[in-house]
Amino acid sequence: MEKIRIIAPYSYRDPVISALHDLGVMQIEEMREDVDRLLSPAKASEQAKTVMDYLQKFRGYENILPKRPVRTRAKFTSLADILNEASKINIDDDIRIAVNRENDIAAAMKDIDSRLSALEYMKGYDFDVSIFNGKHFESYIIPDKNVDIKAFSSLNAEIVPLKNAFIITVAEDRTQDLSRIANSIGARLIHIPDLKGKPDDVIAMLNDERAKLDQAMQEIRKHLGDLSDKYYEKIAQIREALEIEAKKIDVEDKLKGTEYTFAVEGWIPSDSFGRVSDAINRVTGNSCIISTVKTNEMPPTLLRNPRRISLFEFFIKFYSLPEGTEYDPTLIFALVFPVFFGLMVGDWGYGLAILLISLFIIHRVDHPPAKSHIPRVISRFVLMIMSPQSLKTLAKALIPSSIVAIIAGLLFNEFFGFAILPFTVFHVYAVLPKLMLIAGYIGLGMVVFGFILGFIEDLWMKDVKGAMDRLGWLFFAVGIATIGLNLIHHDLTFSVSTGISNLIAVALIVIGIPLIAIKEKSQGFIEMPSIISHILSYLRLVGILIASVVIAEIIDLVFMKSIVSHSIGLAIAGVVILIFGQMFNLILAVFEPGIQGARLIYVEFFSKFYHGNGRMFRPFRSQRKYTEDGLDFDKAR
């Protein structure tokens, strides 16, 4: 990344901003303080208010009109072109009248529905509805035949029983008391409308009125649909174009200039300088100055990884985005995490299940069904933790992880704890000491690799003390690990003939400690035990594998004993234990290796070189769905 400054005549401000937007490779920043003092804020755009007014109007159009597919992309050559097209669509009066009428009809239909809900309980009775309301009393339906009528005795109310409800009539000044008592016993009240006629006749009349209102509503919606057929595609295109223009106007606040010139600064990828320079020179007719800005500012972070690796950027961003000058560890995470995960699962049955679940999640997110058969409680809980796209990314990351688990499970001959293959390459219990040793070597390798990356990074940043500190920790870690391994394999000796590796290890420790003290001083001595713990922490790769295998085998053992017990009850219980026990262990096989695998990378590895706390590179651009880049390099906007 490098910071650039563009200085050009004020008359080219709009085409320059359009060019930068359509290129989409520059994060525009506030001007540096030393330059800012020499310049004034940029003039406000003369068209700003017009753009915002039209944008508000067209957003309203798009929200009100029925949705229609947008099959084409529009190309606008200038802001004037956009405003000209926007001025041709003036359907304010049509939409306002239609919406007001629609709201009135909806309110009337709601009122009719409310009246019908009360009258439904009176259907079939031969009395006039008007007898239940007067100047000094009101009546209500209690739609519950099991309600305790005695609770209303203090109201001196008239109560008339119906088939499935009661009618209660009270004095007008007792309606609040009625509501209070009804709330206290959990009874619902429905006010009887002030109407005349027998219930069946009134119901028929109200249904006729509702049918007429429904017909009027359909006519309004048809009218809105006709407007949508005619204008929706163009409205969506103009709305998107106006949003882009509004974004360009907003960025003008970061510009500085004089009466005749303006200046803009920002970050671009280093390999985009030529592209930006060519485009700006073209729109200004070579009447501009484009230069790089030397600065000690930390640049924003642009992550660039192959498509299949980029999905693991999710995990890096979750932890902390690397600084702009830092090494991007996404590739390392993408290679190491699946291996750690698969080794800790170590069962090809669980690996196959995780693979199928991952594929199901990806398909489900891409093709959501009209009606889900997954319990709503589970789906809500999952979506509360992660968005659908995050869930899809996690599922994609688990595909290579599950494949490694399948391979490891085939080697260990583990299928949900059963040894169903006719061969076993490595029996987990038989090779346990070797697995522990391999995990230790993996830990040493990861820690050493982390310090090497930190050493290179400090040298790149010309931090000599930091580089010496990393080198000291590297020597100390290798020295301690060498002595520890020699303790396991051989007697600890320091003779030249039999213990040369120990002498080298001690020398590395002796050299490493002063190098650590150069930067960290006494704090370094406190941190030394943590290096040993970081290396040993990788033994959890084997620990979690053994735990998973043991739990699966215990579940299988209980199941097998129940089957041979000659008891139907025990056999059924054994099947239940097998199913739910394996489901529980499968959940553990997803979460525990996932959490611990990520932790080994985040804590034990990243801490050796990674700073994080970077800021995302956010170039000045927009995602276009309905429009094309409209920049004409020969004309101003």
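These residue numbers are counts, starting from 1, taken along the chain as shown.
Cβ coordinates are placed from backbone N, Cα and C, and glycine is handled just like the others.
Sequence-distant contacts of the transmembrane segment (342-362) (same chain, six or more residues past either end, CB-CB distance under 8 Å): 391-392, 395-396, 398-399, 401-410, 412, 414-418, 428, 540-541, 544-545, 548-549, 552, 585-586, 589-590, 592-593, 596-597. Among the features that Swiss-Prot reports, transmembrane segment is placed at 342-362 (among others), with the record citing sequence analysis.
The transmembrane segment annotation in Swiss-Prot covers 403-423 (among others) and rests on sequence analysis.
Swiss-Prot lists 436-456 (among others) with the feature transmembrane segment.
Residues 437, 440, 444, 447-448, 451-452, 455, 498-499, 501-502, 504-509, 511-518, 524, 528, 531-532, 535, 608 of the same chain lie 6 or more positions beyond the ends of the transmembrane segment (471-491) yet place their CB under 8 Å from a CB of it. Annotated transmembrane segment per Swiss-Prot: 471-491 (among others), in sequence order.
Residues or ranges marked as transmembrane segment in Swiss-Prot (evidence: sequence analysis): 498-518 (among others). The list of residues near the transmembrane segment (498-518) in space but at least 6 beyond its ends in sequence, with Cβ under 8 angstroms from a Cβ of it, reads 465, 468-469, 471-476, 478-480, 482-483, 486, 490, 492, 524-525, 528.
Sequence-distant neighbours of the transmembrane segment (541-561) (same chain, 6+ residues past either end, Cβ-Cβ under 8 Å): 340, 343-347, 350, 412, 414, 416-418, 428, 432, 435-436, 439, 442, 574-575, 577-578, 581-582, 585, 588-589, 592-593, 596, 600. Sequence annotations record features per position, and here Swiss-Prot assigns transmembrane segment to 541-561 (among others).
Look at Swiss-Prot and you will find 568-588 (among others) tagged as transmembrane segment, backed by sequence analysis.
Here the transmembrane segment (568-588) has Cβ contacts under 8 Å with residues 350, 353-354, 416-417, 548, 551-552, 555-556, 558-562 of the same chain, all six or more residues outside its ends. Packing against the transmembrane segment (403-423) from elsewhere in the chain are residues 338-339, 341-343, 345-352, 354-355, 549, 551-553, 555-556, 582, 589: each is 6 or more residues past its ends and has a CB under 8 Å from a CB in it.
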